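Annotated in Swiss-Prot:
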- 90: active site, nucleophile (ACT_SITE)
- 177: active site (ACT_SITE)
- 179: active site (ACT_SITE)
- 231, 232, 233, 234, 235, 236, 237: ATP binding site (BINDING)
- 13-203: domain 'Glutamine amidotransferase type-1' (DOMAIN)
- 204-393: domain 'GMPS ATP-PPase' (DOMAIN)
């Protein structure tokens, strides 16, 4: 399988080096909020590879290692000599310190949580910010001696050297995590680094992104044909419109009705994308094929792999009926790739767009959105002229309801999730909350409980309502839905959906949980 990669060498950008922190993806997202393109790369990148990327600035992320661990993550030390601004965060600051001859030691007690800092010596990084701030700390080591040529810029009660700077060489380090929202002025600090220190213009927009992508798709595809893995969700729909704008009828959308879609979704997909956008769509009824393969399967990873494989096999079947097809398009997002793991971060769960793909797949893979976060995809959809009904559609995973039915999938369980999810979406819309809640859906855990309905005892299914608020999907908080709305949802589900006698509301944030249950 051959993946088409992007080339943003001409775009001003800040490169984030991944040293394994659970927060490092947030750094990339925050930088983009300032109109500056940013990418995450493994810490193993060489100085030659870094120069080829032509970055405007570099950020060293945090990480779980001690700089003195034998197997600690290191960077190519020549990167420090490139003569461009570098910001080291937490572990990144400690790496910078040891590289330039400073001293790092184990802290007596690991510091984790909110902390008060004092800016001793304001500089370009702290321009316009208060001298006293609340930040988020997460470290087991600390700097006890700054390197020659650096000044101590920030202190805290438990961390006397919480920030260092060499203004002349534009080298900065902070022990805290500005990318985490608990750091009250963290966004402003990162903005100062991007705009003040690195001198970025902040002119990266979805308009120029779409222009670059359309031109790149045209260049890569030429006169060949593309198949799109169309699910009807936001991501694949935006991919479809983007590619259709680039190559028109050279795009054929394969819409697989695998029997794992939401209520009425198959018809809506055909009416909207084929009717309004005049896209070439082949609908494949593969319900029985998928259900046969999933029979008796309970493990979530196995379900994902089966669904991913069957999708590709269906595309292979359809592609064999077409001439000149060389490319397969997918709606893979940056968060999908992140959650599936990088060289330095543990896999959380394999994602449907990056896991389960056969190695001998016959297509070249195009993923135009694989550098974008969800909110950026919505902004791109709006830029492309797509209606709000599509752009603001609830996120829906490629495996569909297959990962919202926990355990073995049956037709009865699918109907329960379809009907309960439809009720949830109706009531959220009736309450005017559809734009306030980032994602909401129902899931069916493999749980039955005792209940009383009418004059009889029941032993039926429990439905979970999941609703979260988020900006980019990297972190999420459970949505504070008004009690009266939750009551309506619960009453309707129990009364209108067969074989359900209990509704529970999931109030777990991400992390520690993921948004989906599987």
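Cβ atoms here come from the backbone N, Cα and C positions, even for glycine.
Location within the structure of each feature annotated in Swiss-Prot.
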residue: 90; record: active site, nucleophile; DSSP class: coil
residue: 177; record: active site; DSSP class: coil
residue: 231; record: ATP binding site; DSSP class: coil
residue: 236; record: ATP binding site; DSSP class: helix
In the chain carrying residue 232 (ATP binding site), residues 6 or more apart in sequence that have Cβ under 8 angstroms from it: 255, 261, 265, 266, 268, 269, 273, 396
Top Cα neighbour of residue 177 (active site) in the set of binding-site residues 231, 234, 236: 234
C-alpha spacing of residue 233 (ATP binding site) relative to residue 90 (active site, nucleophile), in angstrom: 38
Stretch-averaged pLDDT - the domain 'Glutamine amidotransferase type-1' (13-203): 92
Cβ-centroid neighbours of ATP site 231, 232, 233, 234, 235, 236, 237, 8 Å, sequence order: 230, 238, 239, 331, 393, 396
Sequence-distant neighbours of residue 231 (ATP binding site) in its chain (C-beta under 8 A, six or more apart): 255, 331, 396, 398, 400
Set of same-chain residues at least 6 away whose C-beta sits under 8 angstroms from residue 234 (ATP binding site): 331, 374, 377, 378, 381, 390, 391, 392, 393, 395, 396
Listed in sequence order, residues with CB under 8 A of residue 179 (active site) and six or more positions away: 23, 24, 26, 27, 29, 30, 89, 186, 190
